[in-house]
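S.K.: Here it is: the structure, laid out below.
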Amino acid sequence: MGEREEVQNNNDIEIGVERRGPSSSSSSRSASPESRRITSSSLKEPLLLPHDAKRTNQTSQLAIIGANVCPIESLDYEIIENDLFKQDWRSRTKNKILQYVFFKWTLVLIIGLGTGFVAFFNNLAVENIAGFKLLFTNSLMLKDKYFQAFAAYAGCNMVLAIAAAGLCAYISPAAAGSGIPEVKAYLNGIDAHSILAPSTLFVKIFGSIFGVAAGFVVGKEGPMVHTGACIASLLGQGGSRKYGLTWKWLRYFKNDLDRRDLITCGAAAGVAAAFRAPVGGVLFALEEIASWWRSALLWRTFFTTAVVAVVLRTFIVFCRGGQCGLFGEGGLIMFDVNSVNPTYRIADLLAVIVLGMIGGIFGSLYNYLVDKVLRAYSIINERGPVFKILLAIIISVLTSCCSYGLPWLSKCIPCPASLGDQCPTVGRYGNFKRFQCPPNHYNDLASLFMTTNDDAIRNLFSSGFDKEFQLSTLIVFFAAIYCLGIITYGIAVPSGLFIPVILAGASYGRLVGTLLGSLSDLDVGFFALLGAASFLGGTMRMTVSLCVILLELTNSLLMLPLVMLVLLISKTVADCFNKGVYDQIVEMKGFPFLEAHAEPYMRNLTASDVVSGPLVTFSGVEKVANILYALKSTKHNGFPVIDEPPFSDAPQLCGLVLRSHLLVLLKGKKFTKQRKAIGSNMLRTFNAQDFDKAGSGKGVKLEDLDIKEEELEMYVDLHPIVNTSPYAVVETMSLAKAAVLFRQLGLRHMLVTPKMPGRPPVVGILTRHDFMSEHVLGLYPQFQPKK
């Protein structure tokens, strides 16, 4: 469903229903019924399109949500100032306003608590499931049962992969992938039925657990952002009637504006929970996720992330007593690299600059390849759930072969005498995996592959032993992780990009540090951190939020100048080649995303140059048959309302009415036989809550209406539900200025009015699809950028 789709094609059917546009006049109303009979083919022609009488918008109304193609529509962030809203606002007492504020702070508290608990449960499950798998594999290897060890390792990975892919394929395809592009699109004003559904939340939690525990080169950080947003959406819409979870006291937030704020808080809480980085979560939401921001939202997101930090800290302290199985302090990401004094010289700054350039080049190449793989996988995923699961199995087997097979290429290294019992590590996480080596030796490549992703990062960030990893090991690990990360993202499992990028970046960062050796005063662990920062900057294209997240991750404030430098350089270099990875995925998935700035060619066009039809308008008191036909024959979600004599001296714009409000009004059947206004009576019949935004899959649908034949010729007064103050622009406004205004105000519809008097009051309606390059350049190909 979108704002603008063509009228249904029933060209051979005559409709004995009156259709009015802004050009309607009192004389046209007095015409004979025969003169008012029109064919539905005429409905395809806009009533007022001065520059092109047959212009239509052909942009797609579909987008890829997770691993599934779904219809999309826009959200109503605008406050609908109709008579019912004004009556409800005037009736609100001070206690009701305080109650609203109290409940909103209570909700963000619950969002923080819920997201923190889910993050702990996620880490607890991953550490224990993956730990059991690795311990069982290690026990077989200690008995020299290497083939059985591989079979057990690959078999466990395959079972977990099938479980993760099965959940996504059969229960919620929208849960596949990171989820950050979907949340970003939602906060830009794009909605789809399944983006934040309860089923998506369920699959995101358990699919992420199974996918990460299966050994895929994926992270749980992106899915945690989506999980936090789903929790916030579930609370914001008052629960789920389908699953028997409803809360009447949440009725205050049944509008897109409040839900947008709550989902922003949920996304920030997800980042804070994934990285134990509360300030980084707030900045991530501000820099990458949210399209609109204000100071009140800053307070709420900061409070939410602080709650998450307290919850996680409480659980970590609890688990130190050994009550959480294999889960311990290493379960939640925290890489402490502040044990070495970070002194550096001018020569070190040159090395940091080189690292930033490497990260920018590798990051832009990574984004390019991820885009190509996603497009290829979308063709496979379209063939059905079985193919999604088969693809996940193939990638699982390939990952298992690399993780278990590549360490055999590495030679065994004697344990440093100073480490004592710490080397080799048997039956616990650590830097020195014995794998197939004799006693008192370790396999450095196995220490990176045969462990959880979090522990692999911790091993790469470790300080104090410059020769812990061989150069060949770091090269092989970087190449494997780089390639596996590309081909894994896009399969039907919840998967994040942060961990693969940090792993690859830390490996080449440590490689550079090892090569420099005594030429640099910086520790190899610091170089690993700077390499991870450079690759993150090259792929994500964020600066402030990534810098703070890395500092909170590593507890190394003294590294701030170098981290800032490497992020700025990597982003600058990568921007020369392509967009950030999330921006590319948003575009690839087909979301009609509105950027913060308009395209340069839009300054050469005006608002009236891109309005498209058909334009369908209603009178202030309209015939039921006309409304019903318009709702059936178009997919428009907004209709201008024109007051005409006898309700006004001349045709004038009354406002805009929404499809959802019309459906509620028709279901209420407050019809009259005469064409007269009965607004005061309707205000006593309906209240503002009757027209609140329904949750996913709820609300009145067209097929729910039961309009009898005699009721079709009756009239209904639209004035009480008409938004009397819609945003409108004059037709000569530049398209660039209209696009910026549309995005900054968070609009769904923008009316275009004529500049000269004496013309009908509405030229057309602009929606987000009218600002898309596909539509504009299709109308004016001369503005196509030259290649």
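Just so you know, glycine gets a Cβ as well, placed from its N, Cα and C.
Remember, TrEMBL labels are computer predictions, not curated facts.
Straight out of TrEMBL:
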type: REGION; residues: 1-41; note: region 'Disordered'
type: COMPBIAS; residues: 22-33; note: compositional bias 'Low complexity'
type: TRANSMEM; residues: 100-126; note: transmembrane segment
type: TRANSMEM; residues: 146-171; note: transmembrane segment
type: TRANSMEM; residues: 192-218; note: transmembrane segment
type: TRANSMEM; residues: 262-285; note: transmembrane segment
type: TRANSMEM; residues: 297-318; note: transmembrane segment
type: TRANSMEM; residues: 349-369; note: transmembrane segment
type: TRANSMEM; residues: 389-409; note: transmembrane segment
type: TRANSMEM; residues: 471-491; note: transmembrane segment
type: TRANSMEM; residues: 557-574; note: transmembrane segment
type: DOMAIN; residues: 722-782; note: domain 'CBS'
S.K.: Treating G and I as helix alongside H, and B as strand alongside E, what does DSSP give for the domain 'CBS' (722-782) in helix, strand and coil?
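M.R.: Helix, strand and coil residues of the domain 'CBS' (722-782) number 24 helix, 12 strand, 25 coil.
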S.K.: I'd like to know if the transmembrane segment (557-574) touches the transmembrane segment (192-218) in this structure, counting it as a touch only when three or more C-beta pairs sit under 8 Å and are separated by 6 or more positions.
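M.R.: Answer no, regions not in contact.
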S.K.: Near the transmembrane segment (557-574), which same-chain residues lie under 8 Å Cβ to Cβ, leaving out any that are not at least 6 residues past its ends?
M.R.: 337-338, 342, 344, 348-349, 352-353, 355-357, 359-361, 363-364, 367, 526, 529-530, 533-539, 541-543, 546-547, 550-551, 580
S.K.: Should anything in the same chain at least six residues away from the transmembrane segment (100-126) have a Cβ under 8 Å from its Cβ atoms, list it; otherwise answer none.
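M.R.: 205, 208-209, 212-213, 220, 224, 227-228, 231-232, 235-236, 249-250, 252-253, 258, 261-262, 265-266, 269-270, 272-274, 300, 303-312, 315, 319, 324-325, 327, 331-332, 452.
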S.K.: Are there residues at least six beyond either end of the transmembrane segment (146-171) with Cβ under 8 Å to its Cβ atoms? List them, or say none.
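M.R.: That would be 66-67, 129, 133, 136-138, 140, 199, 202-203, 206-208, 210-211, 213-216, 385-386, 388-389, 391-393, 395-397, 399-401, 403-404, 436, 491-494.
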S.K.: The transmembrane segment (389-409) vs the transmembrane segment (349-369): three or more C-beta pairs under 8 Å (separation of 6 or more)?
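M.R.: Between the transmembrane segment (349-369) and the transmembrane segment (389-409), which are separate recorded stretches, there is no contact, as judged by 3 or more close Cβ pairs.
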